[in-house]
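*Asks:* Can you keep this structure in mind? I'll have questions shortly.
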Amino acid sequence: MQRTLARKTLNKVGRKVLLKGWVDTLRDHGKITFIDLRDRSGIVQCVGRDLAKMANESVVEIIGEVKKRPENLVNPNLETGKVEVEIESLVTLSRAGEVPFPLDSDGLEIEESTRLKYRYLDLRRTRMAKNLRLRSKAVQFIRNWLFERDFVEIETPILTKTTPEGARDFIVPSRLQPGKFYALPQSPQQYKQLLMVAGFERYFQIARCFRDEDPRADRAYGEFTQLDLEMSFVTQEDILALSEELFTSLVKKIFPEKKIAKVPWPRISHKEALEKYGSDKPDLRKDENDKDELAFAWIVNFPLFSKQVKEDFYHGSGSAKFAPSHHMFTAPHPDDVSLLNKDPLKVRGLQHDMVLNGYEVGGGSVRIHQPEVQAKVFGLIGFTDKQKGKFKHMLDAFKYGVPPHGGIAPGIDRFLMAVMGEPSLREVIAFPMTAGGLTSVMSAPNQATEEQLKELGIEVSISQKS
Ligand code: ASP
């Protein structure tokens, strides 16, 4: 007998079905027991007589006949509420112990580290399962939309050299090159630019980025996912238009209940945003309590540099006076190039930020494609010759015919958190880290074994931070 999914029982009144799934809820009325059986498609009520004792969340197999429920017993809250399955036989495939927290609430009331420790159970709750399914749909939509427009999806290395976006790198020791380390990419920024040099013209990747910076509700610790995108022979206008069309269509298709406040999205200069809203990621919703309003906006005309604030920006350029507002590959406005020598803080950059309901959900820019301008920017941000040497491959690549190019990288987690109105990024990520940097369920990081350290030629001596 073939398995029937819970949701499909609706069309099978009068037929015998084989169901497989989890005991979602159990109501034991003595002789008669009601089981809500849950599988990937939903829930269906099953009714049995004289059933053996069983526990919630056990995995069972049920054979029974689908019956129409009498009018007065129809459950309007259940998709399959018009039917129920009369159990003929029930086999327990896996008995569940007592679960550590309730699974029938939205889960936000439960202590988060406990939810993350048992994430595989936490993901059973309706809200989390729905979030992850919507995430998958959104990513599928993005892929298809971009493929239809001639984009190529290309994976770039995870074990690589530093690709700075202004955060601390994660580093991985090399066994074959003892004493040397790979860095995990803070974004695929350099690779996507190199792919433009290679001639792909339209690239995207659902890319994992790694940044060792302090966590906040809208910033995941450790790793997060971006839709990384780059195009050749485009203007800033082309990048904004394409991104706006992509995200507007995505919302219409995947989140039809949401209303985009203004189309086309408002464009606000960085200066105006600060003056008028006191923020470079203003929340433009008319009513912040309207959970279905999505107020997208573009912030443009950023200064190329800000005054150096961080001591150690980009690994030790402590003497620099200027830090890039976006990153060091962002092009200066063509009318301002001459100011690079005279008054760098006056130079506008071709940066664009995508803002949604008060979150910065993405950033990007038109890139520098002239090696001499890139070298100049390296100088202004205070790179020593040694530091410049780390990016020599970019200057080299730019000697061999580089198209003008630019792109953007909207954060998938952050976009979904904002659209779904979730309080934290962790509500849209399957296995996020805790705020303290421990992975869910497995509690990494762990100590390496003696053998591993020996192979790597590494000795560990931990100095306690005071
Ligand atoms: N690499 C940039 C970031 O991660 C995005 C971009 O400039 O395309 O923010």
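For all residues, glycine too, the Cβ spot is worked out from N, Cα and C.
Here the structure is a predicted model, which means the values were calculated and not measured.
What TrEMBL records for this protein is below:
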SITE      H29  site 'Important for tRNA non-discrimination'
DOMAIN    132-432  domain 'Aminoacyl-transfer RNA synthetases class-II family profile'
BINDING   E165, R211, H326, R367  L-aspartate binding site
REGION    189-192  region 'Aspartate'
BINDING   R211, D212, E213, E360, G411, I412, D413, R414  ATP binding site
*Asks:* Let me make sure I understand the span of the L-aspartate site: among E165, R211, H326, R367, what is the greatest distance between any two Cα atoms, in Å?
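*Replies:* Between the most distant Cα atoms of the L-aspartate site, 22 Å.
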*Asks:* Taking DSSP as the reference, which of helix, strand or coil describes H29 (site 'Important for tRNA non-discrimination')?
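*Replies:* In the DSSP reduction, H29 (site 'Important for tRNA non-discrimination') maps to strand.
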*Asks:* How does the model score the domain 'Aminoacyl-transfer RNA synthetases class-II family profile' (132-432) in terms of mean pLDDT?
*Replies:* 93
*Asks:* Taking the Cβ of I412 (ATP binding site) as centre, how many other Cβ atoms lie within 10 Å?
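*Replies:* Excluding its own Cβ, the number within 10 Å is 24.
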*Asks:* How many other Cβ atoms sit within 10 Å of the Cβ of R211 (L-aspartate binding site)?
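*Replies:* Excluding its own Cβ, the number within 10 Å is 21.
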*Asks:* Determine, to the nearest whole angstrom, how far the Cα atom of D212 (ATP binding site) is from the Cα atom of E165 (L-aspartate binding site).
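*Replies:* Answer for this pair: 11 Å between alpha carbons.
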*Asks:* If you measure D413 (ATP binding site) to E165 (L-aspartate binding site) at Cα, how many Å is it?
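*Replies:* Answer for this pair: 18 Å between alpha carbons.
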*Asks:* Looking at the binding-site residues E165, R211, E360, R367, I412, which have a C-beta within less than 6 Å of some atom in ligand 1?
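*Replies:* E165, by Cβ distance under 6 Å.
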